[in-house]
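To start, the structure itself, in structure tokens.
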């Protein structure tokens, strides 16, 4: 008997193969072994894959479930007849009602490529047989639900149009009923209620909110001059020193009295300091007045003639002479 030569897997192929092998269910294999042996009456052997590899037991299985599905079963030990048996089994279970996505490929079983998919196919076949009424002592597979078609008359169909299902939600909670489109004018009353319009424009309905909280009433556009009194109330301010609460406060530090950069600053406040009666002379020839101006000698002489002598008097005699003879410096 010839065999296919296939080397070991490496890299991604080995990783995929190991991942598939990790999903293999050994308990399901034991249940499938017992079920197949009970249905066919044939022994699979200790190795599940080698026992089903030739396809003979599989063809006998589908013939028990659906007699006459496989006309000829090849019992040769060659590879091609064994692959033909597996192919005939796959065609037979498709005709039996198996879904294409539940069926394995021939190489998955023959080359031990994906025994997990082989196991899945046999479990689905057991469930399909149970659905069709083929029962055994081995409980394996899931019975498929049968289609139940119901027909309703026109009266029941129309009555169901007014019923809101649970999947549609509920209409007992808050909704957007009565909301207008963006930018549309909103009325202060409900026209559908056929009620009269409000007496004035100050009537605010509950849908419009409340006017008891903070609002932007009286706020001006940026850069617009703000008055310190209400023009709508025709009230005149008492004086220009009245500052409303919206204008801030004048009880803290400010830049009032600050001069332009580079100008001289006065050392007194004319509102609180009285003018001095006598000038203050710093250099003897010039002085500084109360307002920071300089006082010349002529001004001082005109104001105080008795105290001004014009020039300094020399009280020391000039009849002596200095002599440095005989003195070495």
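Backbone N, Cα and C atoms are what each Cβ position is placed from, and that goes for glycine too.
Swiss-Prot annotations:
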MOD_RES   23  N6-acetyllysine
MOD_RES   158  N6-methyllysine
REPEAT    164-189  repeat 'Calponin-like 1'
REPEAT    204-229  repeat 'Calponin-like 2'
REPEAT    243-268  repeat 'Calponin-like 3'
REGION    279-329  region 'Disordered'
MOD_RES   323  phosphoserine
Across the repeat 'Calponin-like 2' (204-229), what does the mean pLDDT come to, as a whole number? 66
What kind of secondary structure is residue 158 (N6-methyllysine) part of, going by DSSP in three states? helix
